[in-house]
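Swiss-Prot lists 16-36 with the feature repeat 'LRR 1'. The annotation repeat 'LRR 2' is assigned in Swiss-Prot to 42-63. Per Swiss-Prot, repeat 'LRR 3' is recorded for 66-87. What Swiss-Prot records for 89-110 is repeat 'LRR 4'. Taken from Swiss-Prot, the feature repeat 'LRR 5' applies to 112-133. The repeat 'LRR 6' annotation in Swiss-Prot covers 135-156. Residues or ranges marked as repeat 'LRR 7' in Swiss-Prot: 158-180. For 181-202, the entry in Swiss-Prot reads repeat 'LRR 8'. What Swiss-Prot records for 204-226 is repeat 'LRR 9'.
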């Protein structure tokens, strides 16, 4: 086996192969023959599926500087090492079905990366530096142990497909609603009890799958007329079991995002002072060409300054930004034309989040 491996690599070196297939070789270590002398300078794609690798060499980028695809599916790699950040031409990295516990921050240096697949590992978090991957189009981190996603993920301006199925997510950063290119979002099999208010506001986002999030009872009305999957959602549960603000209408109850501080009703004609102040500051912020210098560094807490950049959501009726209070209105899915797709048995509702009593009274999902 060793001699056959050496021969394969030697031929690739002599003939300046661009693709090298070392799948199913029972390799426990990265082949030294790949790293000898100047390495394989012409190699662009390396496939090493179903081996027993536990780590990657520190000089990988030095010996294989032109790699655009590295396929390491089904190995035993525990850590994505710092050296990975030096593969500046890498476009596709597949580390699915390994034993990954840590992804190093240096992964953010892979500025050419377009496809990152980390499914079926042991990851509990992603480094914020993932947000530096401006060319990233596909991110698959399904079947891990993630509790949340980094807020900076919304800086992945080219991201089109995000898959985080079968993790332990209990919330999704509202910042992800700002992803300008996101077309498909799949979060099935998590622990979500609510979704960001603005999810679905982007016209680019067309497919959202949240199946089997049993505590999830409300879908933002922006998702109406999108392709959605919500089977297994809205299971009966005592509201006291979930420590979140909830809103009820008739026999229906939905949980609201943790950032929501108050719920308005048709009787609340006057907005809270903090909400009025935040809306005024937000308008001034945009009127001053997004220059917050008119605010002194100590005039607002950091959390409120951050809210100015990324509001809680936008009114589903008039697009007015909202910061602390929302006026919700429920539309049971079973009473919409979409009921047939779910055999009319779902207890999930569409939720319109409005900014005032006027918008609350005039919003109509079906009009």
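Heads up, the Cβ atoms here are built off N, Cα and C, so glycines get one too.
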Residues of the parent chain within Cβ reach of the repeat 'LRR 4' (89-110), under 8 Å, 6 or more residues beyond its termini: 65-83, 116-124, 126-133, 135, 140
Secondary structure composition of the repeat 'LRR 4' (89-110) [DSSP: H/G/I, E/B, coil]: 5 helix, 5 strand, 12 coil
Positions whose Cβ lies under 8 angstroms from the repeat 'LRR 9' (204-226), at least six residues beyond its ends: 165, 179-198, 232-235, 237, 242, 252-256, 316, 330-331, 333, 336, 338, 347-353, 363, 365
Number of helical, extended and coil residues in the repeat 'LRR 5' (112-133), per DSSP: 5 helix, 3 strand, 14 coil
